[in-house]
Amino acid sequence: MSTYTTRSIGAPNTLDYKVYIEKDGKPVSAFHDIPLYANAEKTILNMIVEVPRWTNAKMEISKDLALNPIIQDTKKGKLRFVRNCFPHHGYIHNYGAFPQTWEDPNHVHPETKAKGDNDPLDVCEIGETVGYTGQVKQVKVLGVMALLDEGETDWKIIAIDVKDPLASKVNDIEDVERHLPGLLRATNEWFRIYKIPDGKPENQFAFSGECKNKKYADEVIRECEEAWETLIAGKASDDKGISLENTTLENTPTFTASASIPEGQNLAPAPIDQSIDKWFYISGASV
């Protein structure tokens with residue numbers, strides 16, 4: 001069985017920080033090389049953890065850099081941190097993405113009436129174990145929320161680590177409310193309010209905030225997988241400048257047999273401003 005490991009460059013909380021993923025010691029693209037499905041039956045999926053639960057740094061798979069390492073997002077040259085919206089601290093779940101998926105910005109979804117956000121499909125992993133940036137988790141899908149983020153469709157797949165003690169008991173979205181009461185309501189609230197401390201309006205949801213079931217989520221995943229297949233084949237009407245370099249997909253135009261990345265470093269995190277620890281109290285937020 002293949003083993004995925006991470007290689008870190010630079011210090012966390014700096015502009016230089018990058019987390020590459022390697023498979024059996026060989027660099028791979030976090031976006032393109034890791035299979036979406038972890039088993040032949042397509043019931044278990046590979047999720048890449050970008051942001052561990054309860055942390056603030058807005059880490060994401062880079063669309064621009066070769067092999068798509070995980071980096072910290074920036075705005076106007078400054079590192080982005082998610083604020084603490086009471087009673088939450090940082091991200092409410094292990095947050096990440098499904099590889100080999102793409103929310104196509106050239107396509108308007110018929111039900112949300114909004115185009116894709118040009119990113120891999122987002123995943124909220126709701127198990128009890130806190131992950132780490134660059135971790136490849138095996139998860140099963142339970143449902144999906146449709147966030148409308150600044151006019152774009154931004155799907156949020158709800159999933160659980162297959163190794164979680166509850167994994168055998170939760171198989172669809174209604175099981176989440178049964179075994180984890182309040183989690184879906186809190187997830188909806190968090191995504192609705194988390195940008196307010198930065199001066200932005202609250203986010204909106206399609207379907208009146210309803211979390212759709214596993215069947216609907218599987219269809220969203222299939223659509224985003226097909227969009228990625230068009231992208232990696234070089235056939236997208238507009239690839240938005242995404243780096244498509246990969247080291248495993250030999251039949252694609254951007255395959256490279258060998259790719260070099262810098263030597264790994266194990267540097268201590270740079271200090272961050274104490275204001276990141278502040279709690280923000282949002283009027284109208286439910287607890």
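The backbone N, Cα and C atoms fix where each Cβ goes, glycine too.
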Residue in Asp154, Asp161 which Swiss-Prot records at the Mg(2+) 1 site where Asp117, Asp122 also bind: Asp154
Cβ neighbours within the same chain of Asp154 (Mg(2+) 1 binding site) - under 8 Å, at least six residues apart: Glu103, Asp117, Asp119, Asp122, Ala146, Leu147, Leu148
Asp154 (Mg(2+) 1 binding site) in three-state DSSP notation: strand
Number of Cβ atoms other than its own within 10 Å, given for Arg80 (diphosphate binding site): 15
